[in-house]
Amino acid sequence: MRTTPTFPTKTFKPTAMALAVATTLSACLGGGGGGTSAPDFNAGGTGIGSNSRATTAKSAAVSYAGIKNEMCKDRSMLCAGRDDVAVTDRDAKINRPPPPNLHTGDFPNPNDAYKNLINLKPAIEAGYTGRGVEVGIVDTGESVGSISFPELYGRKEHGYNENYKNYTAYMRKEAPEDGGGKDIEASFDDEAVIETEAKPTDIRHVKEIGHIDLVSHIIGGRSVDGRPAGGIAPDATLHIMNTNDGTKNEMMVAAIRNAWVKLGERGVRIVNNSFGTTSRAGTADLFQIANSEEQYRQALLDYSGGDKTDEGIRLMQQSDYGNLSYHIRNKNMLFIFSTGNDAQAQPNTYALLPFYEKDAQKGIITVAGVDRSGEKFKREMYGEPGTEPLEYGSNHCGITAMWCLSAPYEASVRFTRTNPIQIAGTSFSAPIVTGTAALLLQKYPWMSNDNLRTTLLTTAQDIGAVGVDSKFGWGLLDAGKAMNGPASFPFGDFTADTKGTSDIAYSFRNDISGTGGLIKKGGSQLQLHGNNTYTGKTIIEGGSLVLYGNNKSDMRVETKGALIYNGAASGGSLNSDGIVYLADTDQSGANETVHIKGSLQLDGKGTLYTRLGKLLKVDGTAIIGGKLYMSARGKGAGYLNSTGRRVPFLSAAKIGQDYSFFTNIETDGGLLASLDSVEKTAGSEGDTLSYYVRRGNAARTASAAAHSAPAGLKHAVEQGGSNLENLMVELDASESSATPETVETAAADRTDMPGIRPYGATFRAAAAVQHANAADGVRIFNSLAATVYADSTAAHADMQGRRLKAVSDGLDHNGTGLRVIAQTQQDGGTWEQGGVEGKMRGSTQTVGIAAKTGENTTAAATLGMGRSTWSENSANAKTDSISLFAGIRHDAGDIGYLKGLFSYGRYKNSISRSTGADEHAEGSVNGTLMQLGALGGVNVPFAATGDLTVEGGLRYDLLKQDAFAEKGSALGWSGNSLTEGTLVGLAGLKLSQPLSDKAVLFATAGVERDLNGRDYTVTGGFTGATAATGKTGARNMPHTRLVAGLGADVEFGNGWNGLARYSYAGSKQYGNHSGRVGVGYRF
């Protein structure tokens, strides 16, 4: 037996002539018929428009002529195994306006128009290209030379020998970046592997483009050199089974059968079959086939025109169909067939297997062709001159309607050094579906053939009349919608075996209807985002199923399964021997209800995970058993006071067993929530289980947490806990603070609740801390101490001291005359204390003058502008300042000197930090810093030309800071004004050594000590409080700091001079490095 590819020509010749014929036939006729993306045969119709999705609306049942209800029995092709529904007649029509343009995507190139028709763009934009998916193509055509097409690099091609049994692989690798092209001459009998050596832009190839090349390009052709017309799945691996019998236009059945075997052996899951046996039954109405199997077999043979001998029956039904059935059942393969181009009411015979064998339906999809208005193509091709025109166009889905959909009949491909080739025929409708199936398998690699065909069929766009009918099948392929999973379960239960680990999640985002159910297997997670109305049961045997919306189905959770309700959701009855999880992953804070519209049974082996504020509402009876895990994490439970209250977590019309039947109860109170006991209450509306909860003492909790904190944070953690406890004592005393309503009503600033109105945001922020993870206690309490204010102020004061010292050093080396100098100074360092590190950075630019004001007196003054930054933990500070520095030195002959120093600066400290559990606060504070210093030095001769000076003295720092209030959080800090004075002792050595009459080197070493310490902590309270007070934390600035430096002065001549300095100040915990360069002019 021989078959032909489904080109729209009577006798296919895969040559340039055949292509030319295909491109010249542009007339299309036809009408009526339609498909649907849902399995309801009495659903209302939808139009076809821009980015529209099929929807169903109930309407009166439609009578379908020619179909008897009893024929539905055991006829999966008609009724999907159901005996209570009918199928539209193949000629059924519905009065409706003409369908609009089907373009739903927006690929701009006209050669990609067929991709817009199937809404491909969402799939491409999501990054799906078919990578990692193996696709088989059983086809024919002159294609040995075409393996040098760069668009098809990576394609694996297999020919066959004369016995149609042994295939030789021709494997093309990626095109190398260098090397020229070469023609490849090989026979299909060669036992060799061919590797091309060609660049995508330098290809010499055969003149003829075969049918096999065109089909391959539609599925997996790559876009080369910027050309837009690539295939549907350009990264898929293509296995080409060339079954050419030597005539270039026909295929041997034995070769086809063996091709399927070889693809199955290679693990190929998706197979494109753009061929078929030409129908000779004309418009024979196979809907009238009687129920008996023998009559069907005879009608099938009559329809196919096959050989009626025993050998013909063996080849047609035992060999071909038996081969298909085996691979569908045992190899999990999906076979996609074209309907053919005879403009007949029935498709080619290869796709009829499910009519004969019901279970085969899960592995076969038949594809009809549609034009851009959604109707079938009818093409006219004229034969020899003087003959009547012969009509050719897409065959209808016919009796394969339940496993049939439609795809564009026309497409465009482009090979290197060719213009775009316009092609037409169901040969190219089928690979459009095949390519989409490859994208789908890339996204859901666990999908079975049944999963794939269910998803592709049920997401099709509804075109034409309503219902799965004999023209369009399920409707027009919608690739974008298919990538969101199935839209219906019409073929029985949908088994999702999501193989993998629990950290991998897959999502179905369509609303799912149908009479089937869902069986969840495998370790990975499956998420349902739609509002689902399917009526079959949902059984979770393994992994987790997450519901983001409503689910009408009754649920059963097995021991290795988990059901997660994310957010407010509802569903049917629930029976669980596994895990039922109600805690939110996003901790949104809403008082959400999971509504079970039926009964609840928690068996002894299962576990209920829930949290305070989440209510499990059961309309029927609740039978309680197993383990309860109650968490106080999240915000839903609201603020808890020290007295406590009941928080319900389960309500039912009746709780059939006492709550004590929870065999084990575990609780997670979070940071400050204490869960005391479970209580059962009965009311007019049913029974309720509640937990009695109260808050813990923040100061004691923080003190305990400080034991495990780094030494540098202990004080801040304890201070933050004390601040929070003071605040919660105030909240406890406010009106109605213990009720859940407090959070919502106070947030709305209701005038009828004046006692709590000022605390709306404060209750929410405090509640978030109460219910936070206990492991985050150190971080949270530290943030409530706001240490960044004191620490950044201390860092700024130290840097201003470094800048004043620079003025002091300049007095020692000014020389004679008036000197003007400009300098830039860069500071940086770290402050590590008890395992906690802070970082500082600073930059200052100064201009100033220095001059001899008398025979033994030198004076200097500079103006500086600077910016410094400080970062610690999750807080950052930026300090901008402007300061005046001045100094005077008086020499007492060669013995020594006296110095007076002064600085005054204003600063603005801008703070950004996290506070509490998950809030953010920002603030700014203004202040001034004045410094006064008095120093004396004694000169000691050193070597022949050098000088050594011993210097000592005192400096007084006076810091004044304004009051401030942070914004953005009720747990931000509202600080009082601050005044702090610090006396600093100074001592050091200075060494100067001239190198010449124009260059001098300097070295310094010394010590600074705060004689009375410095305390920049800020008293105040949280911005969300009205009475509670506290103070910020602070690092302990080292009282004693070592200082050292190196430098040089150079005279350039003509009055110009320059300087360079490096200095260090620090201790074991603290270090500040400073570099300074300047240039001056001496008058």
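Just so you know, the numbers here start at 1 and follow the chain as drawn.
Quick reminder: no glycine exception, Cβ is built from N, Cα and C everywhere.
According to Swiss-Prot, the signal peptide annotation covers 1-27. Positions annotated as S-diacylglycerol cysteine by Swiss-Prot: Cys28. Annotation source Swiss-Prot lists N-palmitoyl cysteine at Cys28, citing sequence analysis. The annotation domain 'Peptidase S8' is assigned in Swiss-Prot to 111-483. Taken from Swiss-Prot, the feature active site, charge relay system covers Asp139, His211, Ser427. The transmembrane segment annotation in Swiss-Prot covers 819-828, 844-852, 858-866, 883-891, 897-906, 931-941, 948-958, 984-994, 1000-1010, 1041-1052, 1057-1066, 1074-1083.
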Checking distant contacts: for the transmembrane segment (948-958), what same-chain residues at least six beyond its ends satisfy Cβ-Cβ under 8 A? 797, 801, 804, 812, 896, 899, 901, 929-942, 979-992, 1006, 1014
Students should find that the Cβ of Asp139 (active site, charge relay system) has, within 10 Å, a number of other Cβ atoms equal to 29
Are the transmembrane segment (819-828) and the transmembrane segment (1074-1083) close enough to be called in contact, which here means at least 3 C-beta pairs under 8 A that are separated by 6 or more residues? yes
For the transmembrane segment (1074-1083), give me same-chain residues lying six or more residues beyond its boundaries with a C-beta closer than 8 angstroms to one of its C-beta atoms, as numbers and ranges. 802, 806, 815-827, 1055-1065
How big is the gap, in Å, between the Cα of Ser427 (active site, charge relay system) and that of His211 (active site, charge relay system), rounded to a whole number? 9
Can you tell me the CA-to-CA distance separating Asp139 (active site, charge relay system) and His211 (active site, charge relay system), as a whole number of Å? 8
Residue list, the transmembrane segment (931-941) vs rest of chain: Cβ under 8 Å, 6 or more residues beyond ends. 800-801, 804, 808, 894-904, 947-958, 986, 990
Under 8 Å between C-beta atoms and at least six residues away from its ends: which parts of the chain pack against the transmembrane segment (1000-1010)? 801, 809, 813, 951, 982-994, 1037, 1039-1049, 1061, 1063, 1065
Please report, as numbers and ranges, the same-chain residues at least 6 past the borders of the transmembrane segment (844-852) whose CB is under 8 Å from any CB of it. 799, 803, 807, 810-811, 814, 816-825, 827, 858-866, 885
When you measure from the Cβ of Ser427 (active site, charge relay system), how many other Cβ atoms are you left with inside 10 Å? 32
DSSP output for Asp139 (active site, charge relay system) maps to strand
Enter the number of other CB atoms within 10 angstroms of the CB of His211 (active site, charge relay system). 31
